[in-house]
Amino acid sequence: MIYQGETLTVSYLEDGIAELRFDAPGSVNKLDRATLLSLSEAIAALQQERELKGLILTSGKDAFIVGADITEFLELFDLPQADLLGWLKKANDIFSAIEDLPVPTLSAIKGHALGGGCETILSTDFRLADTSAKIGLPETKLGIMPGFGGTVRLPRVIGADNALEWITTGKDYRADDALKVGAIDAVVAPDALQSAAVQMIKDAVKGKLDWQGRRAAKKAPLRLSKLEAMMSFTTAAGMVAAVAGKHYPAPMTAVKTVEAAAGMSRDEALAVEAQGFIKLAKTDVAKALVGIFLNDQHIKALAKKAAKQAAKATSHAAVLGAGIMGGGIAYQSASKGIPAVMKDINEKALALGMGEATKLLNGQLEKGRIDGIKMGQVLSAITPTLSYDNVKHVDVVVEAVVENPKVKAAVLGEVEGIIGEDAVLASNTSTIPISLLAKELKRPQNFCGMHFFNPVHRMPLVEIIRGEQTSDETINRVVAYAAAMGKSPVVVNDCPGFFVNRVLFPYFFGFNKLVADGADFAAVDKVMEKEFGWPMGPAYLLDVVGIDTGHHAGDVMAQGFPARMSKEGRTAIDVMYEVNRFGQKNGKGFYAYEQDKKGKPKKVADAASYELLAPIAKPKQDFDKDAIIARMMIPMINEVVLCLEEGIVATPAEADIALVYGLGFPPFRGGVFRYLDTIGLDRYVAMADQYADLGPLYRVSDKLREMAAQGKTFY
């Protein structure tokens with residue numbers, strides 16, 4: 001044994017060839033501070049080995065290295081700049097030391113080698129992968145960029161154009177795709193990885209493979225003429241500007257970093273990379289995106305805990321109500337290996353539901369994500385039926401019929417009498433209180449809400465709603481089922497609108513008030529999209545959701561919270577609803593809709609909307625972007641804070657994930673609580689106080705005011 005640490009070991013395999021094996025306690029290898037320290041000690045030990053002829057890096061896990069330890073990031077980002085630079089320098093000295101060993105080096109890769117894991121394999125002379133390997137540099141998705149030499153070595157291995165695509169998109173690549181661009185040198189079957197790695201390093205030792213030439217190219221400036229460099233970096237910058245936009249600086253900083261370091265040797269280039277990394281690490285965007293990742297991990301941990309505590313796992317499910325939503329839920333369940341019965345009273349609805357599942361599977365097939373066999377397996381795992389016979393023995397029933405309390409109550413009561421006594425019932429409702437639907441049930445403890453978002457296959461959030469009598473066992477089983485479906489379940493307590501819709505409608509009330517005060521709805525949309533960062537502004541979102549749906553939900557919210565959400569006369573939403581302008585579904589809402597070349601609805605301005613709104617609005621007035629953002633966001637933020645104070649949602653982390661995953665809250669802002677921490681509670685309270693005369697939705701809670709006075713934060 002040359003070296004033994006807690007997360008890695010080094011020992012000889014045969015004839016002077018050493019193996020450095022990453023094998024941390026736990027399920028995955030990460031490049032945390034402890035592992036980097038061990039790696040430094042291991043390389044120092046190898047430098048003293050006179051018998052050393054070659055080195056192979058391997059993993060004792062299913063994945064090579066999944067990346068750095070992101071739980072350490074926020075603490076690192078808060079370090080003084082000089083300390084952060086020192087940490088980066090120490091880490092990069094380790095990878096440079098691997099690259100400078102006087103013997104050939106090789107990485108034998110299985111599973112994921114991402115982020116720091118990818119940068120580790122780039123430090124070796126050769127990269128051999130098995131068919132399970134996936135490699136990539138996802139750092140820009142976290143608001144940062146590679147900091148362990150990724151922007152230096154990858155362009156010199158696969159060329160600037162390919163490297164810029166890898167780094168700026170943050171995608172991971174399968175072994176065969178990585179082989180095509182030269183990121184890895186060969187792909188073998190998993191059972192051949194070890195023997196092939198030993199043979200390859202032996203060939204390098206014997207001089208059959210030019211490891212020194214490869215190494216020299218990696219440490220030299222990029223081989224690009226001035227014209228090639230100009231074309232490469234200008235094209236990349238243009239594409240990044242169009243895709244990432246102004247709110248996400250990491251991809252553009254990465255492009256500028258690779259460009260600035262193109263003519264430099266390795267050590268000079270690493271210094272440039274470190275400056276780019278530090279610049280990004282100090283941004284609010286990086287903290288927000290890392291925060292989302294950590295919150296997501298928190299949600300996953302809660303779901304794992306629920307699955308362990310549940311007395312029974314879900315092996316069979318049923319969906320009541322087919323159509324697009326029911327078909328989407330059944331597809332999601334079946335595609336993740338949980339067969340689903342899809343029950344409806346209407347043959348056409350069943351056909352529509354199966355059609356939705358088939359369409360989604362065809363999309364997967366066309367993209368090469370599944371093959372025909374997998375498609376057949378998923379479709380055969382969905383059983384469409386007009387009868388309850390196949391529903392009797394399922395573990396979970398998801399009711400997804402029309403959003404009408406009487407219809408839902410009747411269907412729930414009917415199916416409760418058919419299923420087993422320990423089976424769980426869940427209602428996919430967006431507004432109807434769970435405790436109300438539970439009143440007619442014999443086993444209300446086995447009932448909860450399970451609110452999916454549309455389209456089901458794309459929206460990661462599922463709200464799990466706990467009614468007054470819902471048992472912990474029911475919550476645990478439904479949370480575990482949602483997670484098994486590949487969703488992010490957030491448990492909320494019952495109230496009108498639950499969490500997501502409850503906080504969305506104050507935002508729409510803010511919109512109604514702005515339009516009534518003379519704002520142009522299209523100008524409001526533009527500010528909320530381009531400046532604040534929502535995927536859709538409020539008018540466009542209402543058109544997409546359906547103004548009839550929004551109108552109904554708004555009435556429900558007004559009844560549920562009359563002191564804050566009751567209407568003051570006719571609103572912009574009322575006006576559109578009264579003349580049957582329901583949005584995209586019938587071609588006219590706030591905007592008119594035409595079909596684009598792909599047959600998808602495209603919004604266009606419609607003068608008729610302004611004529612219809614004129615009677616309820618003051619004369620046209622221009623509001624600056626700060627006023628629009630404040631008037632739109634304060635009602636939502638205040639309601640989110642109230643939901644936390646009332647225990648509707650348990651933690652800031654769960655609230656922020658629900659907002660990002662369920663509403664499309666701008667990820668670069670991290671969610672309402674991260675946003676409040678970023679701007680400062682004192683500043684927020686002062687801003688909200690300026691608008692307090694607009695009504696109760698604009699008035700901050702006493703508790704928030706107290707937190708602001710004490711200088712507290714949510715995270």
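From the backbone N, Cα and C atoms, a Cβ is placed for every residue, glycine too.
The NAD(+) site recorded in Swiss-Prot includes ASP344, VAL401, VAL402, GLU403, LYS408, SER430, ASN454, and the single candidate from MET325, MET375 that the record places there is MET325.
Residue environment of MET325 (NAD(+) binding site) contains 20 other Cβ atoms, counted within 10 Å of its Cβ in all protein chains.
Per-residue pLDDT, averaged over the region '3-hydroxyacyl-CoA dehydrogenase' (311-715), rounds to 96. If you compare Cα positions, GLU119 (site 'Important for catalytic activity') sits closest to ASP296 out of the binding-site residues ASP296, ASP344, LYS408, SER430. Across the residues annotated as binding NAD(+) (MET325, ASP344, VAL401, VAL402, GLU403, LYS408, SER430, ASN454), the two Cα atoms farthest apart lie 20 Å from each other. Listed in sequence order, GLU399, VAL401, VAL402, SER427, THR429, ILE432, LEU437 are the same-chain residues six or more apart from LYS408 (NAD(+) binding site) with CB atoms under 8 A from its CB. Listed in sequence order, the residues of the same chain lying 6 or more apart from HIS451 (active site, for 3-hydroxyacyl-CoA dehydrogenase activity) and placing their CB within less than 8 Å of its CB are ASN428, THR429, SER430, VAL462, GLU463, ILE464, ILE465, PHE498, VAL500.
For the substrate site, whose annotated binding residues are ASP296, ASN501, TYR661, the maximal Cα to Cα separation is 21 Å.
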